[in-house]
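Swiss-Prot has this to say about the protein:
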ACT_SITE  GLU138  active site, proton donor/acceptor
BINDING   ARG110, SER111, SER112, LEU113, ALA114, ARG115, ASP128, VAL136, LEU137, GLU138, TYR171, LYS178, GLN182  dCTP binding site
COMPBIAS  170-181  compositional bias 'Basic and acidic residues'
COMPBIAS  182-194  compositional bias 'Polar residues'
REGION    169-194  region 'Disordered'
Amino acid sequence: MRLCDRDIIKALDEGSIVIEPRPDNSVISGVSVDLRLGNSFRVFQGHPAPYLDLSSSKADLSKVIESVMSEEILVDDGKPFFIHPGELVLGVTKESVTLPDNLVGWLDGRSSLARLGLMVHVTAHRIDPGWSGGIVLEFLNGGKLPIALSPGMTIGAINFETMSGSADRPYNKRDNAKYKDQTSAVGSRISGEN
């Protein structure tokens, strides 16, 4: 069951859901909380390899990922960051979100942005129970024109769903959790998987 606005506000007040900085109640709709774009980005750079071989050794895969991923790009609030047609860019929410072990979060991009060709969260929209940190966004510009985004703008919304019980292995207690406590646009750590 998804939490309604009243239950979201109650969970924020009681501290079972933590969003920092705490959102104003005006950005809590009937079923979700608006999230804003943060200041950290990473882009994919050109690479001489014809493809990314996910079956290669962990060391080789890690080396290739590091070579195609830019260093962190920090953009000041209100300044534009351009995403060009066909470009995949990582960003992060301005807010840090912490969930208890009995709630799962779901992140959706804004419909108004999708109608311009911008996919805000390409596939990984589930926020696991026990999650704590910024939420990395996988932007893809499927439109025909570059799109200028500005840190601080509303980029999406998160809603919360109660589970049938508390998770035995929430994200914050898993030894193999690759993105614990992230605060910036962290690139793929697929080479760290078993």
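Numbering starts at 1 and runs along the chain as displayed.
Glycine residues also receive a Cβ, built from the backbone N, Cα and C atoms like all the rest.
Bear in mind that the values here come from a model prediction, so they are computed numbers and not experimental data.
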Position of peak Cβ density within 10 Å, selected from the binding-site residues ALA114, LEU137: LEU137
Alpha-carbon spacing, SER112 (dCTP binding site) to GLU138 (active site, proton donor/acceptor), which is rounded to whole Å: 17
Protein Cβ atoms within 10 Å of GLU138 (active site, proton donor/acceptor), excluding its own: 17
Cα distance (Å, whole number) from the residue listed as 'active site, proton donor/acceptor' to ARG110 (dCTP binding site): 13
Least Cβ-crowded entry, counting other Cβ within 10 Å, from the binding-site residues listed as ARG110, SER112, ASP128: SER112
